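Note sheet for the following structure.
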Amino acid sequence: MLKKMRNTLTAMSVLYLLLGIIMLIFPAQVSDFICYLVGLMFIFLGVSAVVMYVKEDMKTAFTGFTLVFGILFGAFGVYIVLNPKLLASFIPLVVGIFLLVDSVSKLSVAFDLRKSEYKDWWQMMIVAFIILACGLVLIMNPFGVVKVSIMVIGGILIALSISNIFAVYSYSKVIEK
C-alpha cells in the first residue's frame, strides 16, 4: 500500500511540475484554455438538457425545468466563451482555496513526522506555511492581474510538486525504520 501511495504522489508531483512549467511559460494561453473548456462544458450541458427536453414524450414541470436550465447553461457557456477574462479572474481564488486545503494536509504530515521523531519534520512545516501563505495571497487578491496570477500559480505548483516528493521521501524513511 505504501508503494502504491508513493507512486500516486510521485505521479501527481510530476503532473504538478509539468502544469507549473506550462503555466509559467504560457500564462495567457492557459487562462484562455481553461475558460474555453469551462464554456464548452456549459454549452454541452445546455445542449444535452435541451435535447433531453425535446426527446421527452411526457412534458412535466420537471422537464420544463430541464429546458430552462438547458437554455441557461448554454447561454452561460456562450457568454464564457465570448468573455473568457471574466471567468479567468476566478481562477486564482479557486487555486487559493485548493492551496489552503493542501497546506493543512502538509501541516498534518509535519506533525506526523514530528510524532515519529523524524529529525527534519520542521522542513515540511515550513513548506506547509509557505503554501498556506501563497493560498492566502491568491484568495485575498484573486482579481489582480490574471496573467501574473497564472504565473504565480505555476510557480506554486512547482513548489507543491517538490514538497510532495519531499513528503513521500520523508514518510518512506519513517516507515522503513
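The backbone N, Cα and C atoms fix where each Cβ goes, and this holds for glycine too.
Any TrEMBL annotation is an automated prediction that lacks curation.
Since we're looking at a predicted model, the values are computed, not measured.
Copied over from TrEMBL, here are the features:
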TRANSMEM  7-27  transmembrane segment
TRANSMEM  33-54  transmembrane segment
TRANSMEM  61-82  transmembrane segment
TRANSMEM  88-109  transmembrane segment
TRANSMEM  121-143  transmembrane segment
TRANSMEM  149-171  transmembrane segment
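Only pairs six or more apart in sequence are counted, and the transmembrane segment (61-82) with the transmembrane segment (88-109) gives fewer than three Cβ pairs under 8 Å, not enough to call it a contact.
Beyond the ends of the transmembrane segment (149-171), by six or more residues, the same chain brings 2, 5-6, 9-10, 12-14, 16-17, 19-25, 27-28, 30-31, 91-92, 95, 99, 102, 106, 109, 113, 118, 120-121, 123-124, 127-128, 130-131, 134, 137-138, 142 to within a C-beta distance below 8 angstroms of the stretch.
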